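Colleague: Structure in structure tokens, see below.
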Amino acid sequence: DFLCISLVNGFTQLRYNLGDRTIILQTLQKVHANGNTWHSLNAGRVGNEGYLDLDGINITQKASPGMNALDTHTDFFVGGVSSLNLVNPMAIENEPTGFTGCIREIVINNRELNLTVTDPRGGANIGDCDGTDCGYAVCKNNGTCQVENSGFSCSCPREWTGTMCEQSIYCSQNMCGSHALCIPQPSSFSYTCACTLGWTGKYCDNKIRFYIAKFVGNSYIKYTDPFYGKRDLRYSRLSLNFTTNQTEGLIAWMGKTEDEDNDFLAIGLANGTLKVVINLGERISVPLMHSKYFTCSDGRWHFITVVHNQTCIKVYLDEELILFEDIDPRKKYTALNYGGICYFGGFEIDRQVNIVTTGLFQKEFIGKIKDVVLFQDSKKIQLMKAEGYNIHDGNS
């Protein structure tokens, strides 16, 4: 499988192959090769239907039945590749050559790549395209850059300050401790402190230990499974205890959430009902709901276990089997490739649950979680040793 964007005889071309055939889209107009005209390019696919948009003029390839998942396990290359013989002969019309020109503002699946010296995994023969200290987007948050004798300076919009307009004026005099992030609150002309895991208090200066994690709505824990490389991903298992009095909330999400094609297993509440969703491939999300159980929002402790055996899913609530379903009898996809990442209660501070889960769950979890066990491990995972923010001690 591949997806490739290239210049061919002055035209922009998108080629992709999802496993059955190569689809080719080409823009109607040529690009300006004068070296000083910026072009805006949008390219991608929805299932097996591709689109290519150059400066607002769109070309769409009407999809016909066939493969609709892009299965690639390589790095993402921009401007060239480490070895030209890596390029699939069908991915480009002529002999492959590296790109000469300028590229900026690369956004993949709504996430912008940082085109800096340190962020990419590797590269070679890359220079500063702007030619001045201003470069591209040096000044954040719509600040404007002026070249100075000593480098550059940023002129910032009203609500931002700092050498690169990176700091909210509401956080410029903040008292958040070293274990905190300052979160601006423009509506109240103030700020709040988001505490890293293991710290609490108004300014995050009180150290805590816990074995029960309390989530308050803007909280999350991100746990990286150290045994991921040794797991048999055809047979997954997640169990935990939770308590809440809310009718909506994401309790747990096994999966990377980097793009919509990532596999996942999710547990949460929707309309007071326990909801389990699993995706083993091709974005086929199968929601399993059990309307009989409205008691999950009663403020009591509940024990849930989700067992994934290839395409068979079993859900136990308080040790009673409440759901049992074979989500794909053809067994096209059987492994849960979750990337070793587990989220609890929500996602990173700037990522909203309803957006990341594409509406499967509406809100962050408010309540408590304890006794999390992955697969058949003999030990509970230590939530204290994960990454997270705004987690309180739920022991009391």
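Placement of Cβ uses the backbone N, Cα and C atoms for every residue, glycine included.
Any TrEMBL annotation is an automated prediction that lacks curation.
For reference, TrEMBL lists these features for the protein:
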- CYS102-CYS129: disulfide bond (DISULFID)
- CYS156-CYS165: disulfide bond (DISULFID)
- CYS176-CYS193: disulfide bond (DISULFID)
- CYS195-CYS204: disulfide bond (DISULFID)
- 1-129: domain 'Laminin G' (DOMAIN)
- 130-166: domain 'EGF-like' (DOMAIN)
- 167-205: domain 'EGF-like' (DOMAIN)
- 210-396: domain 'Laminin G' (DOMAIN)
Colleague: Given a Cβ distance threshold of under 8 angstroms, which distant residues of the chain, six or more beyond its ends, lie next to the domain 'EGF-like' (130-166)?
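Modeller: Contacts with the domain 'EGF-like' (130-166): 104-105, 115, 172, 184, 186.
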Colleague: Report, as numbers and ranges, every residue of the chain located at least six residues beyond the domain 'EGF-like' (167-205) whose Cβ falls under 8 Å of a Cβ in that stretch; write 'none' if there are none.
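Modeller: Same-chain contacts beyond the flanks: 158-161, 218, 221, 349, 383-384, 386-393.
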Colleague: For a three-state summary based on DSSP, what are the helix, strand and coil counts in the domain 'EGF-like' (167-205)?
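Modeller: The composition, in the requested order, is 6 helix, 17 strand, 16 coil.
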Colleague: Spatially, which candidate from the disulfide-bonded residues CYS102, CYS129, CYS156 is nearest to CYS193 (disulfide bond), comparing Cα atoms?
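Modeller: Considering only the listed disulfide-bonded residues, the nearest one is CYS156.
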Colleague: Rounded to a whole number, how many Å is the Cα of CYS165 (disulfide bond) away from the Cα of CYS176 (disulfide bond)?
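Modeller: Counting only the Cα atoms, the answer is 19 Å.
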Colleague: Checking the disulfide-bonded residues CYS102, CYS129, CYS156, CYS176, which are within 10 Å of CYS204 (disulfide bond) at the Cα level?
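Modeller: For CYS204 (disulfide bond), the disulfide-bonded residues whose Cα atoms are within 10 Å come to CYS176.
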Colleague: Which numbers of helix, strand and coil residues does DSSP report for the domain 'Laminin G' (1-129)?
Modeller: 6 helix, 44 strand, 79 coil
Colleague: Please list, in sequence order, the residues in the chain of CYS195 (disulfide bond) that are at least six apart in sequence and whose C-beta is under 8 Å away from its C-beta.
Modeller: HIS179, ALA180, GLY201, CYS204, TYR389, ASN390, ILE391
Colleague: Expressed to the nearest Å, what is the distance separating CYS176 (disulfide bond) and CYS129 (disulfide bond) at their Cα atoms?
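Modeller: Answer for this pair: 38 Å between alpha carbons.
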Colleague: Do you know offhand how many angstrom separate CYS102 (disulfide bond) and CYS156 (disulfide bond) by C-alpha?
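Modeller: Counting only the Cα atoms, the answer is 26 Å.
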Colleague: Round to a whole number and give the Cα-to-Cα distance in Å for the pair CYS129 (disulfide bond) and CYS156 (disulfide bond).
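Modeller: About 23 Å separates the two Cα atoms.
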